[in-house]
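These notes are about the structure you will find just below.
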Amino acid sequence: MDKKNDHKNNLIPQPASSFASSQERPTPMMEQYIEIKAVHHDSLLFYRMGDFYELFFNDAIEAAQALGITLTARGKHLGQDIPMCGVPVHAADDYLQKLIACGYRVAVCEQTEDPAEAKKRGSKSVVRRDVVRLVTPGTITEEKLLDPTRANYLMTLSRIKTSDGEDFALSWIDISTGIFRVTESRQEKLLADIMRVDPQEIIVADAFFHDKSHKSLFNVLDHIVSPQPACLFDTLTAERDICTYFKLSTLEGVADYSRCELSAIVAAIRYIEKTQITHRPPLMQPERQNESATLFIDAATRLSLELIRTTSGQRDGSLLKAIDRTVTGGGSRLLIDRLIAPLTTPSAIDTRLDSIDFFLRNPSLAEAIKLVLKGGPDMPRAVSRLALGRGGPRDMATIQRGFEIIRELNQILNNELLPQEISDVQQIFSNLPVSLHCHLEQALADDLPLLKRDGGFIRSNYHKELDEMRALRDESRRVIAELQAQYAQETDIKTLKIKHNNILGYFIEITSTQASGLTNNPQAKARFIHRQTMANAMRFTTTELADLESRIAHAANHALTLELEIFDTLVQEIIEQVEFIRKAAEALAILDVSVALAYLAEEQGYCRPKIDHSLTFHITAGRHPVVEQALRKQAAEPFVANDCDLSVQENQQYAAIWLLTGPNMGGKSTFLRQNALIAIMAQMGSFVPATSAHIGVVDRLFSRVGASDDLARGRSTFMMEMVETATILNHASHHSLVILDEIGRGTSTFDGLSIAWAAVEYLHEVNHCRAILATHFHEMTALTEKLDRLHNVTMKVKNWDGDVVFLHEVTPGAADRSYGVQVAKLAGLPPAVITRATDVLHQLEQGEMAGKGHKLIDDLPLFSLKATSSLNEEKNKHDALHEALKNIHPDELSPKQALEAIYHLKQLEKNNGL
């Protein structure tokens, strides 16, 4: 994940102790920078200087290039200019976002004392600075840096060697919402578990990262992995450190974590303490994820089915994009959680389906809830920012607005006969902390600043002393105006002004030509004290003005101090209610997802699936959810629905396997994918694109659809296919669903046929799983005579005037041929090539290939003279038509001539057989 410096060594700052003489030593400020940078050598250092974060040396070179900002220089080091660039503090979030996206870590170094305090230690004293946080991809909380629709997970991956091999555990945290989960894993499913969570950053121990036996894993994960010292994962004090963080006396009764799980949990906590430094985000206690409670989907299957993103990394075209009708960030994140981890317990799935059913039967209620939820605030992320000291008044308003929505929704749901899941939601809403809600309503002003340091966020009449200080501060404007009028009259200088800046404070300003009246008159000179001479003006003050300034400054400063004290009190009250806020936010997300899936079902005509523990897989008129919507948007032909029945047949113990044949472009891959997606949608607790669906819970879903090279690891398409097929054959159970497309296509015909043949037999005889297998080997259709649970189905086609029409219908039986030449014709290959291919195919089909290679070469010479002549004839026909079109000038033709030209073109077409 970390970017490596690759510049010359003379751009790397040397510590002050390495210099031979004091003349060579860097300035005190640069000494301080070098000391801090040495501690955070693996991060870009944002070094606060006034209103800017400055970067020096290699950091400046890399940041300037990554951010597209100007690279300049400041001072010298070892006789060379020190590269420097900077970004404004007020715009730092935008620059941080770019750096994090480029894979950098950033150490944010702030001034920890006021410059005035530093001067008390001596005129050359440097303002104290220290790093207050490390910004990494997995630990960001700023609203600008986060995608509201996506969780931002930091994952820790722990490994403990045992006498039997290796134990693995994963923990993952979203510090922006407080989610904290942990699970054990195994080497063969490690990548699948990681891909399911989809973390932004992964923490591993150095030794684990550099272990050659796991090199392939970390090659896949690439830049999101951050190796850390082994001490981060040490379990010696793990229980104590975990208890300290969560303020527990013991972990007994909380969870019986394994040693490997403890290692993953404590590593996450220590890394958060390391990066957040002075603050602790309010995290929920680690929740253990039960492996058997969710549908296992391996990494290759997730990629090929394009659940969250397409293979090119885009959200458009994914299943998520097709089904997401949520209106809140929390709802969108929950929908993703459900989509990446479908359930395997029918009762839990039915609980979710009951909620959707309820809103389908109560559309007016669903509409009312949707209107209230729309654009609802993200309370957990606001709480996290407040707890970490990065929140502002608007984050408090987010909590207040969230409470208002909860109160309104509680009233809407009250007195309704609710399904279990929605009833639980309503119960949570009924526990709204009314006192905190009222406190926030009374305290917060209507128009809030972004930053608390700007003040003005506490409502008038909320705090008596604050109102008094504000009155004095605001009244001063009138007093200053009166004093200005008095001085103007007293000096007879009508243009005299009282102004203010941060250097001089309040001062009297007159033009240089008018200054003699104050500087030459002894009485005026004693009263008006000279402060500054400008090119065209002179500035003065008076004892009276200085006293007034002191009173105003005190009032303004004291007013801000009081506001900040009130802010801190409110933050503490909010943090005390963090458990309710977290549960309420989850309840809001559940409500959003339930209503959204009801809208989806109504809009797309989806049905409620029947889910049980059987081996049934019976889909009536199933459709592909993504392709169907894409066709509708294009106003194209409607999607052709197809049945799929892999259920246990009479007198059979296990479910069926379908062997699918048919032409390319006939819809085989779409049919394969749609059934896998229907299974996922059903088990995530959604209605599905079908007329009816009965699905026995799938424990593992395997999908091998589409070619994928793995060039980075030196694997070809065929090698990848074999690795993925091996995973399927080694791990599929009789409750699994397997989707395989064109197994064995990446090698010779006989090798491929042999592998496909053996794989089908193994799935039938050993795995006993439900499966749909597409193949271009027509010889395999004979297997149905040998394997009683294997059934031939094919994609229906129709011949029309020598052309093939794909009907996209799945029917019983086997394909009579491949229709490859017809597909080539549709793709636009030249007519001569199509004619030649048809001749070659005809001769090949007349006899067996084996033993007749030389005869075929003689019979089928490469584009013979006759063929070449045909090509020339074809070209001449097109040239004649092209010439006729060139000679037509539409603007010069009469209606009769235009009609004659059309007849001429039609005759050319007929004569040339075009």
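Any Cβ shown, glycine's included, is placed from N, Cα and C.
Worth saying up front: this structure is predicted, and the values here are computed from it rather than measured.
Listed in Swiss-Prot:
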BINDING   GLY662, PRO663, ASN664, MET665, GLY666, GLY667, LYS668, SER669  ATP binding site
COMPBIAS  11-25  compositional bias 'Polar residues'
REGION    1-25  region 'Disordered'
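Taken residue by residue with DSSP, GLY667 (ATP binding site) is part of neither helix nor strand, so it is coil. Compute the center of the Cβ atoms of GLY662, PRO663, ASN664, MET665, GLY666, GLY667, LYS668, SER669, which mark the site for ATP; besides them, the chain residues with Cβ within 8 Å of that center are MET795, PHE806. The number of other CB atoms found within 10 A of the CB of GLY667 (ATP binding site), across every protein chain shown, is 24. Fewest other C-beta atoms within 10 Å: among the binding-site residues GLY662, PRO663, GLY666, that description fits PRO663.
Cβ neighbour count for LYS668 (ATP binding site) (all protein chains, 10 Å cutoff from its Cβ): 26.
All protein chains considered, the CB of SER669 (ATP binding site) has 19 other CB atoms within 10 Å.
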